[in-house]
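Here is what TrEMBL records for this protein:
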- 71-90: transmembrane segment (TRANSMEM)
- 96-116: transmembrane segment (TRANSMEM)
- 220-240: transmembrane segment (TRANSMEM)
- 260-280: transmembrane segment (TRANSMEM)
- 301-324: transmembrane segment (TRANSMEM)
- 344-366: transmembrane segment (TRANSMEM)
- 378-403: transmembrane segment (TRANSMEM)
- 423-442: transmembrane segment (TRANSMEM)
Amino acid sequence: MTASVNGLRPDCTNGIFCHPTQGQRSAVYAALYLIALGTGGIKPCVSSFGADQFDESDPIEKKSKSSFFNWFYFSINIGALIAASVLVYIQTNVGWGWGFGIPAVCMAIAVVFFFWGTPLYRNQKPAGSPLTRIAQVLVASVRKWKVHVPEDPSLLHELTDKESAIVGSRKMEHSSQFKFLDKACVETEEDKTVILVSPWRLCTVTQVEELKSIVRLLPLWAGGIIFSTVYGQMSTMFVLQGNTLDPHIGPHFKIPAASLSIFDTLSVIVWVPFYDRILVPLVRRITGRERGFTQLTRMGIGLVISIFAMVAAGLLEVARLHIIRRDNLYDSRDYIPMSIFWQVPQYFLVGAAEVFTFIGQLEFFYDQAPDAMRSMCSALSLTTVSLGMYLSSLLVTIVTNITARNGKLGWIPDNLNRGHLDYFFWLLAIMSFVNFLLYLLIAKWYNYKKTADDLEETKLGDAYEKH
């Protein structure tokens, strides 16, 4: 509407320089924040809801669920490819009204299809606010900070029923980490005298293990922020670097530097089928694991690939600066005699890293989340993207303030031909390498979630082997 309705659309000179009123500017920002609000509702829930459609007790469906996350991310990138090609062409050559109107109609159709499928969905029972349950464990453990935790975990409070006290959640087995939190499920003599103990004083083992699961995920979540900082370079430093390179394809056509991110999308579209249909079956034969790689191994491979992406960007920048020195192009306003398509490898490597780390992280956070906290944990994993963008901006500010002291131009001046953007890429490569080393320590320390169902399956398996 801001691009097509009179009154909301600003007056523009030559179709380029626009003069919006405060109301028109507010309407645009309202639209942007509505996108953020809608994305916050869709992204963490649609992946969790989709995975919920698979029955974990069925071996075939359980195997298919692992592939679901791959093809879910694949479908997102198909949409991104259409947006970056067809819609950009329409916005540029037809108009912004059509450019925004077409995706609006597509979303309306998507909503209709979503509701049309309602009778087919498997719906998990809502279990109430996970934040309330977390607060209850923290309060109960603090209130009982002097209470001794018994060595035998079977003495801790848990319902005798097969199901847990949390609706829609399986019972979770006790873990030995973060013992202080176990104080929340110690039943004192005072608790035994009360018919119905307040959950703010006494929690079940499953409720305590919910919080432990979240705490165990936090170090891995923090490592994802560094990876997202590397991912964020596609829309920042890669574009600045590309603006100095020759964008020509033939004598008449030029590709904008920002449009090269389409190669990241193409990389994902190529890598997902390769990973799911070729690499996983191949690795499965070697490791014997249903998923081929463990989820932690998969994410670690992506972190390694992200290091090489920064190395590739740094090497390209070294070559670019060499040409500038050789031909004395420091103050040239023309393109450097170097094709912009030399950037394709770094975009392709980022796309490959996405397939391993982002998809692996999405599946890992879903799988390791307590049953009644899966959407919240999916949302937690997605916050790494936004925090990575903020960290990228913070890094640029810090680097500029430190390297541009005493009248120096610094690493990232307005004229990149006189800067050292390669140093910034080396910095990110080093940070990514250190992040990977820390990740290895965290992965070694991490204990996978265990439910009562998992324990039962293990007992049945052991009994079968003995038989």
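Cβ coordinates are placed from backbone N, Cα and C, and glycine is handled just like the others.
No curator has checked TrEMBL annotations; they are predicted automatically.
On a predicted model such as this, the values are computed, not experimentally measured, just so you know.
Counting same-chain residues at least six beyond the ends of the transmembrane segment (378-403), those with a Cβ under 8 angstroms from any Cβ of the stretch are 40, 43-45, 47-48, 214, 217, 221, 224-233, 236, 361-362, 364-366, 369, 410-412, 420, 423-424, 427-428. Ranking 96-116, 220-240, 260-280, 344-366 by CB pairs under 8 A with the transmembrane segment (301-324) puts 344-366 at the top. Outside the transmembrane segment (423-442) by six or more residues, the chain places 219-220, 223, 226-227, 229-230, 233, 237, 299-300, 303-304, 306-307, 310-311, 313-314, 317, 395-396, 399, 403, 411-412 with a CB less than 8 A from a CB of the stretch. Spatially, the transmembrane segment (71-90) is not adjacent to the transmembrane segment (220-240); fewer than three Cβ-Cβ distances between them are under 8 Å for residues at least 6 apart in sequence. Sequence-distant neighbours of the transmembrane segment (344-366) (same chain, 6+ residues past either end, Cβ-Cβ under 8 Å): 47-48, 51, 66, 69-70, 72-73, 217, 220-221, 224, 227, 230-231, 233-234, 238, 260-261, 263-268, 270-272, 275, 295-296, 298-299, 301-303, 305-306, 308-310, 312-313, 316, 374, 377-378, 380-381, 384. Listed by sequence, the residues of this chain that lie at least six past the ends of the transmembrane segment (220-240) yet keep a Cβ under 8 A from its Cβ atoms are 257-258, 260-261, 264, 299, 302-303, 306, 309-310, 313, 343, 346-347, 350, 353-354, 357-358, 361, 364-365, 380-381, 383-389, 391-392, 395-396, 412, 416, 421, 424-425, 428, 431-432, 435, 438-439, 442-443, 446. Here the transmembrane segment (96-116) has Cβ contacts under 8 Å with residues 3-4, 83, 87-88, 90 of the same chain, all six or more residues outside its ends.
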